[in-house]
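Note sheet for the following structure.
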Amino acid sequence: MPAAVPPTRPRTGITRFTNCRLVKGDSLVEEDLWVSSQSGKIVSSQAAFFDDLALPDESIDLGGRIISPGLIDVQLNGAFGFNFSTLLEDTAQYGKKFLEVKKGLVATGVTSFLPTLTSQTSGLYQKVLPYLGPSRGIRRFEDGSESLGAHVEGPFLNPAKNGIHSKDVLLEAQTFEDIEACYGKANLGARESNNSPMTMVTVAPERGQMSKLIPELRKRGIICSIGHSAATYEEALVAIEAGATMITHLFNAMRPLHHRNPGIFGVLGAAENLQRPYFGVIADGIHLHPTTVNIAFNTFREGFILVTDAMHMMGLPDGAYQWTNGDATSNIVKVGPTLLLEGTDTIAGSSISLIECVNNFLKWSGTTIPAALKTVTATPAAMLGCQETKGSLNAGADADLVIFSEQLKGGTTELVIDEVWKFGNRAYCRGPVKPPHGTK
Ligand SMILES: [Zn+2]
């Protein structure tokens, strides 16, 4: 008797990855991964198969390659020619340009990020911040990388540690009204509401009354990071006790470690009963010596977050690029990965991609691939408080994934991005998409 033709099975939107290694904690685990393009989430294969009787539409054999949660960059100033700290005549154009960056960024493995503003005038913050907030409920993989809210670096910074921020726009806050006047009351969100487009601010806690104002920022769900600061060890401790949970680009634009005054870095060596902060590290080979990066990692691994601090020259050829700095306009010169303020030797951010930082870090530290990827996935997600949905391959998390090949270069393994998935859909593929293997 001929076999009965099975009725056409309704599509479930589920993709199963098989023959792959998943980044889970500090290990690479050989396990299948099921994702849903309908919910945009990682699904439990057990629950889908046994409870919902849902089978995958497609099975993809990865030939032993690595799947990591999508990368998270918590300090990105712009990319592909667009600087987020730009005031455009036609503000609608701003939203369009921001979307273009997000679409380009996803191919770099960064599936979510904090668009970062350097110190600017109040007028710019008030116009631009509404475009940079988290997408809250809009889950379109076609939009590319996702904003998790703005990182506003300044202007409540120390002029002695301004880096490339214009001293002319730096402010001191005595009261919370000073902060509201700068960013705009609406942009700070309501107390206990968590509805601000700002997810993180970098502040110099020793300026004005900033340390005392940190709790008010925290009540609005805004993370406080210490940076561009001349704080002493003691002043940094006060800020952490007030609720600061992060340090912006550790070592850069702050007092260096001195054996009699350990400065901000010192809090990473503080006693166990202190909630030690997370910290950003720029592993571009220019901002920090490789050994300095390793010292930071070995001091407090659970807090170590790689960031690019990339400027809008990321992805562009070498040359001089105009840069709006507060009220003034100057040029930044890009030579390879180096960015300098024209006519000076001041480092002006970086033009590196996050995966290049991860590969540098792998080489310098000799750490494992999952430990290196944790610094751009699980650790930033924990810092942001979104570890249930981001930076994880557990069921229920967003299906934001990077598929990596490994390549041996100069004796060390480098990670190469083959594919990026956003909300359970393929958003980028290096080379042509291979036909699915073993589709049932
Ligand atoms: Zn900075």
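Residue positions begin at 1 at the first shown residue.
Note: Cβ is positioned from N, Cα and C throughout, glycine not excepted.
His287 is the only one of His151, His287 that TrEMBL places in the substrate site (with Ile164, Asn252, Ala253, Arg260, Ile347, Ala348, Gly349). Together with His228, His249, the Zn(2+) site in TrEMBL holds one more listed residue from Glu146, Glu153, Glu172, which is Glu153.
When pLDDT is averaged over the domain 'Amidohydrolase-related' (66-425), the result is 94. Within 10 Å of Asn252 (substrate binding site), as judged by C-alpha distances, the recorded positions found are His228; the full candidate list was Glu153, His228, Asp309. For the Zn(2+) site, the Cβ centre of Glu153, His228, His249 serves as reference, and the other residues of the chain with Cβ at most 8 Å from it are Gln75, Gly154, Leu157, Gly163, His165, Thr202, Ser225, Gly227, Thr248, Asn252, Ala253, Asp309. Put simply, of the recorded positions Glu153, His249, Asp309, the one whose Cα is nearest the Cα of Gly349 (substrate binding site) is Asp309.
Rounded to a whole number, the distance between the Cα atoms of Asp309 (active site, proton donor/acceptor) and Ala348 (substrate binding site) is 9 Å.
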